[in-house]
Amino acid sequence: MTTRYIFVTGGVVSSLGKGIAAASLAAILEARGLNVTIMKLDPYINVDPGTMSPTQHGEVFVTEDGAETDLDLGHYERFIRTKMNRRNNFTTGRIYEEVLRKERRGDYLGATIQVIPHITNAIKEKVIAGGEGHDVAIVEIGGTVGDIESLPFLESIRQLGVELGRDRTLFMHLTLVPFLGAAGEVKTKPTQHSVKELRSIGIAPDVLICRGDRAIPANERAKISLFCNVEERAVISLKDVDSIYKIPALLRSQGLDDLVVKRFGLECREADLSEWENVIYQEANPNGEVVIGMVGKYIELPDAYKSVNEALKHAGLKNRVSVTIKYIDSQTVEAKGDEVLQGLDGILVPGGFGERGVEGKILAAKYARENELPYFGICLGMQVALIEFARNVAGMADAHSTEFNKATPFPVVGLITEWVDEEGNVEQRHEASDLGGTMRLGAQLCHLLEGSKAAQAYKGNTCVERHRHRYEVNNKYRERLEQAGLVFSGLSSDRKLVEMIELKDHPWFVAGQFHPEFTSTPRDGHPLFEGFVAAASAHQKRDLKK
């Protein structure tokens, strides 16, 4: 199979939405029957984002094969059916690490290792390998043109453009076309300078995606075409919209997919965007609203919970309600108590690391349990629910996780020292292990308890979900917790690790050690999120009747 490559770069400012634009184009091409994948090349020196602060970088998205990747890969999976893997995201740090490892082994036979050709060759090899087996591979280059960190990546794709030829490569550049209120007009000069910068390093864009808060007038598009040496039909206006799921149709209406298909000489059907039209209709026509309190510690940056936010919205679509997320700092719960939890239709406690704010999460779980408020715990959210139950129901007053208190008399949650990975291999860890790349990661099979809410949600006795954690339920206390009424509704493939818990006599109190948000999509949703939002809606209706 001959793979075609679309390289997506950004200019003027960061955070223009290259990932959404790339994913939207991929969705249109997929709707035309093409097999599409997307890659993200990140210019930072970290080997992966696994140890980066969520408040700086946003969430870490985990792929099926256990790669800790950029949150843009979450966008990719939500827009197309192709599942991402570790080949879909790599960083400057990983490239340098691999090149230096080869140098130490003597693979370069004494050569002087340089950015060109050794680093650029390593980048090109990964891009080609990531695109194998697909009709089209869209490659997003992180950062902004002009950043020193991005230069090796830009040089690599320039070389690929020459080596593969114009019939297999296309360069798409995303820029900002701002509107100046005082002048009453849009300004194209930033775009012109961005393209000039790109051309100075040898890349001439074939398509310009021009971002702005309004549609760009035809005369300004003609001006951009003239000064940037890009066909006028290839100057695409991408205005702000109230839903990212409207972007595929917006790009399709301007013929971006036709331009790509003709450039590559591909024969394929017209795009069928009916599934996306259905998503947009459901989003615009809810029959009600629910308020979900998300009790977390990284709430100053909502992107730290990007996949959870999107999964709640997807569940709202399936339940025909709009979901309003109320972000609640868990430290505020510690300081003010349950008064900040009033008026919610459900509580969700997401994952997290470190002791800060953990008692607030435990209080949130207690409030939900005692007030029969729907509760959904994810990763740490499951652990705090179990700790709360152990303390206040099972009679273990000082129960805790050894992550937060190594001297606790009741370590109901402890470090996982051994587990079986998705390929059946035994993994081992200890307290002195590195932080990076040492967690239980990736898709794992889970056995569900027959008759449990979990089994009802999944409509079966097994599920496969993605993990990212170091700590687990301590099996020493399982029997005591079960006797107190806690239901262990999900177990690992070898039945040695607890994957899900729930409360039997509660409208909806379910928690999982895994991260179900990573597999939720706008078209398909996710059974646990759907069940949670349905329970929140039912709780709201009961309150209204009272």
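Placement of Cβ uses the backbone N, Cα and C atoms for every residue, glycine included.
Feature annotation from Swiss-Prot assigns active site, nucleophile to Cys379; the stated evidence is sequence analysis. Listed in sequence order, the residues of the same chain lying 6 or more apart from Cys379 (active site, nucleophile) and placing their CB within less than 8 Å of its CB are Pro350, Gly351, Gly352, Arg468, His469, Gly512, Gln513, Phe514, His515.
Per Swiss-Prot, active site is recorded for His515 (among others).
In the three-state DSSP assignment, the secondary structure recorded for Glu517 (active site) is helix. If you draw a 10 Å sphere around the CB of Glu517 (active site), it holds 29 other CB atoms from the protein chains shown. Taken from Swiss-Prot, the feature active site covers Glu517 (among others).
Secondary structure at Pro190 (UTP binding site), as computed by DSSP, is helix. Other Cβ atoms within 10 Å of the Cβ of Pro190 (UTP binding site) number 15 in total over all chains. Look at Swiss-Prot and you will find Ser14, Lys187, Thr188, Lys189, Pro190, Thr191, Gln192, Lys223 tagged as UTP binding site.
Residues annotated as CTP binding site in Swiss-Prot, with sequence analysis given as evidence: Ser14, Asp147, Ile148, Glu149, Lys187, Thr188, Lys189, Pro190, Thr191, Gln192, Lys223.
Summarising the annotation, Swiss-Prot assigns ATP binding site to Ser15, Leu16, Gly17, Lys18, Gly19, Ile20, Asp72, Lys239, Asp240, Val241 and lists sequence analysis as the type of evidence. For the recorded site, Asp72 (ATP binding site), the DSSP three-state label reads helix. Asp72 (ATP binding site) is surrounded by 25 other CB atoms, counting those within 10 A of its CB over all protein chains shown.
Residues or ranges marked as Mg(2+) binding site by Swiss-Prot on the basis of sequence analysis: Asp72, Glu140. Counting every protein chain shown, the Cβ of Glu140 (Mg(2+) binding site) has 27 other Cβ atoms within 10 Å.
According to Swiss-Prot, the L-glutamine binding site annotation covers Gly352, Leu380, Gly381, Met382, Gln383, Glu403, Arg470. There are 29 other CB atoms within 10 A of the CB of Met382 (L-glutamine binding site), with all protein chains counted.
Here Swiss-Prot flags 291-542 as domain 'Glutamine amidotransferase type-1', drawing on sequence analysis.
Here Swiss-Prot flags 1-266 as region 'Amidoligase domain'.
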Quick one: which residues besides Gly352, Leu380, Gly381, Met382, Gln383, Glu403, Arg470 have a Cβ within 8 Å of the L-glutamine site's Cβ centroid, in sequence order?
Gly351, Phe353, Cys379, Val384, Ser401, Val413, His469, Tyr471
Go through Ile148, Leu380, the listed binding-site residues, and name the one with the sparsest Cβ surroundings, counting other Cβ atoms within 10 Å.
Ile148
Close binding-site residues near Glu140 (Mg(2+) binding site), where close means Cα within 10 Å, chosen from Ser15, Gly19, Lys189, Gln192, Lys223, Gly381:
Gly19
Among the recorded positions Gly17, Glu403, Arg470, Glu517, whose Cα is within 10 A of the Cα of Gln192 (UTP binding site)?
none
Please give me the CB contact count at 10 A for Ser15 (ATP binding site), counting all chains in the structure.
10
